[in-house]
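As recorded in Swiss-Prot:
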DOMAIN    128-566  domain 'Urease'
BINDING   133, 135, 216, 359  Ni(2+) 1 binding site
BINDING   216, 245, 271  Ni(2+) 2 binding site
MOD_RES   216  N6-carboxylysine
BINDING   218  substrate binding site
ACT_SITE  319  active site, proton donor
């Protein structure tokens with residue numbers, strides 16, 4: 001029996017050789033491999049395959065998966081494949097072929113009466129996003145991020161205090177305890193960073209022992225060489241990550257001074273281009289060092305005709321500056337440079353910048369990490385053409401490079417890749433399903449720990465779930481004990497060993513960070529390029545390995561007005 005490609009795709013989703021457009025971008029992914037078996041595909045519904053004695057076996061709950069996502073198109077750092085995905089006990093059990101092993105060939109995901117079915121036909125499946133630059137200014141950020149496809153948030157803060165409005169620091173053991181307790185309320189994986197600005201170990205170690213999974217150095221607290229050295233020394237002892245916002249004013253030294261203070265030790269440099277803060281005008285040089293793990297924040301992603309104009313006001317508010325004070329205005333203007341922002345686009349496309357995050361409500365938009373990542377990818381394809389690793393008919397390599405920037409690479413950087421960050425067997429089942437036309441913009445279904453935490457949902461009084469108005473709503477995994485079983489609170493090894501989760505009465509599952517200190521930039525997948533960066537101090541032009549980096553700002557972006565009223 002034969003069936004046309006179009007009919008097959010309509011029924012079971014695309015297969016090998018089919019291409020799928022990502023939203024309204026110029027990015028196309030092509031199916032590289034299909035793990036399902038032609039003629040033996042499983043699908044749920046009236047007259048379909050997943051019925052008793054057909055695609056559903058007689059096996060008990062212990063031998064079948066809890067949930068199967070059928071015929072999904074998986075996009076992850078490791079490839080673009082069509083497969084069924086089996087979930088068991090909150091984790092991804094297997095990727096492959098689902099069905100009834102008694103009568104079907106090649107089944108490695110058994111379906112039984114104890115199995116729920118999520119229809120993945122015609123859908124793109126990705127890992128949940130990881131945002132590692134969160135100012136915990138208000139709890140409502142968490143729902144906004146979740147509805148955008150982000151399932152892990154790392155950062156610091158205590159609410160709308162001046163310190164939190166500017167820095168991602170949960171300062172001190174008392175505040176750390178309160179924030180860890182608050183994290184129980186949310187269907188989101190959460191880890192908190194403490195304040196790293198101190199020149200002696202005690203106040204930093206207290207925060208690590210209280211549960212901090214990392215320490216944040218910020219210029220507003222004084223990112224001096226002494227503070228940097230001490231903070232990294234504490235991190236080395238406790239296997240946690242350090243994030244840094246460097247000294248824009250070059251008061252305690254220049255970029256070379258800060259790089260020297262690192263002493264070759266691993267560090268995550270926030271907004272490494274500099275508009276979000278850092279040595280003016282050349283913090284961007286840091287992306288060329290093996291121990292530096294560089295990220296961007298999303299307001300400069302990508303470079304558009306509006307980017308420069310909006311940044312000045314943002315900066316004045318976020319860093320408690322006064323527009324009536326000339327020195328404050330000069331400080332702000334020193335950070336906003338067309339040339340380095342343009343270079344940032346290209347450095348992402350080359351894989352020299354490795355991650356993208358939000359800088360939520362503090363010069364960044366918590367719900368736009370994923371959208372702005374793909375807007376950057378589209379802009380770069382239109383301006384720079386295909387990448388060397390792409391096929392003649394697809395942008396698979398570029399897609400894998402860019403999705404790694406907000407999934408696996410942040411997970412590796414912050415020591416949580418053993419739990420989250422990719423669609424791989426054994427990992428926490430934090431997964432997002434997208435209709436291709438809405439990919440990267442509006443997810444259809446968000447799973448946390450194998451259960452549905454959020455979804456588009458129609459009129460609650462409708463006779464079916466689809467009538468308008470359709471908007472995002474929390475689902476059952478967002479409530480009560482279910483959220484405790486399906487979301488993680490991350491803590492340091494020291495805090496876990498000391499019994500901090502029990503002492504605080506935490507109810508969520510606990511994840512423990514590890515492997516932070518040995519990470520090198522070359523470990524960051526598809527994003528490990530180490531260029532030699534030069535910045536002209538007079539005109540701010542940027543060169544990488546001698547090549548001038550410049551691109552025009554975009555006048556129009558995809559994933560924008562077609563999808564949003566505002």
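Positions of Cβ are set from backbone N, Cα and C atoms, glycine also.
A map of Swiss-Prot features onto the structure.
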{"residue": "133", "record": "Ni(2+) 1 binding site", "DSSP class": "strand"}
{"residue": "216", "record": "Ni(2+) 1 binding site", "DSSP class": "strand"}
{"residue": "245", "record": "Ni(2+) 2 binding site", "DSSP class": "strand"}
{"residue": "271", "record": "Ni(2+) 2 binding site", "DSSP class": "coil"}
{"residue": "359", "record": "Ni(2+) 1 binding site", "DSSP class": "coil"}
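The binding-site residues under consideration are 133, 218. Their Cβ neighbour counts within 10 Å are lowest for 218.
Sequence-ordered, the extra residues of this chain that approach the Ni(2+) 2 site, with Cβ no more than 8 Å from the Cβ center of 216, 245, 271, are 133, 167, 168, 217, 218, 243, 244, 246, 269, 270, 276, 277, 278.
Neighbour counts were taken at the CB atom with a 10 A radius for the binding-site residues 245, 271, 359; the maximum falls on 359. Ranked by Cβ neighbours within 10 A across all protein chains shown, the binding-site residues 135, 216 are led by 216. Apart from the site residues 133, 135, 216, 359, the chain places the Cβ of 134, 155, 156, 167, 168, 243, 245, 270, 297, 357, 358, 360, 362, 364 no farther than 8 Å from the centroid of the site's Cβ atoms, the recorded Ni(2+) 1 location. Checking each of the binding-site residues 133, 135, 245, 271, 359 against the residue listed as 'substrate binding site' by C-alpha distance, the shortest gap belongs to 245.
Comparing residue 271 (Ni(2+) 2 binding site) with residue 359 (Ni(2+) 1 binding site), their Cα atoms are 9 Å apart once rounded.
For the domain 'Urease' (128-566), the model's pLDDT averages out at 97. Spacing of residue 359 (Ni(2+) 1 binding site) relative to residue 245 (Ni(2+) 2 binding site) is 11 Å (Cα to Cα, whole number).
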